[in-house]
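> From TrEMBL, for reference:
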{"type": "ACT_SITE", "residues": "H9", "note": "active site, tele-phosphohistidine intermediate"}
{"type": "ACT_SITE", "residues": "E94", "note": "active site, proton donor/acceptor"}
{"type": "BINDING", "residues": "R64", "note": "substrate binding site"}
{"type": "SITE", "residues": "H186", "note": "site 'Transition state stabilizer'"}
Amino acid sequence: MVALALIRHGEYSQLADTPSALQPYPLTEKGAEDVREQARRFGAWLTTSGYQLNAEIHCSTLLRAWQTAEIFREELTPLFAEPPRSRSFSALCERSVGALANLSIQEIERIVTLDPRLEPLPKGWKSASDFRLPFDGAESLLEAGARVAAHLQALLEPQPRIETTKQQNQLKQLKQFKQLQLVVGHGASIRHASYHLNVIPFSDIKRLSMFHGHPVVFERHNQGWHRLYGNWKQRQPADPLD
């Protein structure tokens with residue numbers, strides 16, 4: 001069974017008072033430095049862990065996630081089973097707000113008041129797990145989490161049998177190690193995915209957050225999930241909500 005390293009992207013140039021969602025902006029300089037330090041610390045643990053990294057790093061299509069994946073690729077290259085590469089998937093993106101992407105919270109609420117067909121948005125709508133904005137392309141946090149969870153579940157399923165002699169030899173070498181898959185995504189959708197996969201209870205979604213660039217590694221056993229490395233961030237009152 002492959003273990004999963006769930007990684008939130010590094011700090012990025014996020015628009016103020018605007019849902020993170022599908023914002024296209026890059027990591028800040030500090031964000032990149034922090035991710036690099038996290039990757040090095042993770043590498044130090046990995047060298048004595050008995051785990052070997054799968055060659056593909058899975059990340060969302062958003063720039064901040066891809067940049068984070070690339071930093072991990074650069075720092076951990078000797079620890080991969082084969083020459084590594086980052087591969088982007090829309091399924092790993094943050095919750096989409098659809099037609100209202102990259103608008104401020106104030107502007108989103110103003111647009112809703114302009115539409116006579118719509119009710120005012122409920123208090124706390126931005127972080128309500130089951131709320132979906134009434135616009136094309138929008139999804140709830142739980143829906144985004146289900147999308148991410150489906151991708152993670154596919155990674156946990158057994159791979160097709162390898163048949164060529166070269167691949168069989170590679171497989172024998174890999175069996176000396178337990179496999180670990182790097183997945184770089186977004187805090188809210190990862191936490192909601194973790195709920196769907198029974199890694200955390202629903203009550204922990206709002207109680208927990210994720211440190212930027214810090215891997216939280218889980219392996220699933222018959223009796224449930226076992227955390228191998230890293231920690232969730234305990235959300236503080238001053239922390240912004242999703």
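The count begins at 1 with the first shown residue.
Backbone N, Cα and C atoms are what each Cβ position is placed from, and that goes for glycine too.
What you are looking at is a predicted structure, and each value in this text was computed from that prediction instead of being measured.
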> Rounded to a whole angstrom, what is the C-alpha distance between the residue listed as 'substrate binding site' and H9 (active site, tele-phosphohistidine intermediate)?
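One finds 6 Å between the Cα atoms of these residues.
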> Among the recorded positions R64, H186, whose Cβ has the fewest other Cβ atoms within 10 Å?
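Comparing Cβ neighbour counts within 10 Å for the recorded positions R64, H186 gives H186.
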> Where does H186 (site 'Transition state stabilizer') sit in the DSSP three-state scheme?
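The three-state answer is coil.
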> How many Å lie between the Cα of E94 (active site, proton donor/acceptor) and the Cα of H186 (site 'Transition state stabilizer')?
6
> Tell me the Cα distance separating H9 (active site, tele-phosphohistidine intermediate) from H186 (site 'Transition state stabilizer'), rounded to the nearest angstrom.
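Computed Cα spacing between H186 (site 'Transition state stabilizer') and H9 (active site, tele-phosphohistidine intermediate) is 6 Å.
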> Applying a 10 Å Cβ distance cut-off over all chains shown, what neighbour count does the residue listed as 'active site, proton donor/acceptor' have?
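For the residue listed as 'active site, proton donor/acceptor', the 10 Å Cβ neighbour count is 26.
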> Non-local Cβ contacts of the residue listed as 'active site, tele-phosphohistidine intermediate' (under 8 Å, 6 or more apart, same chain)?
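The answer is L27, V35, S60, L62, R64, A65, Q67, T68, V184, G185, H186, H212, G213.
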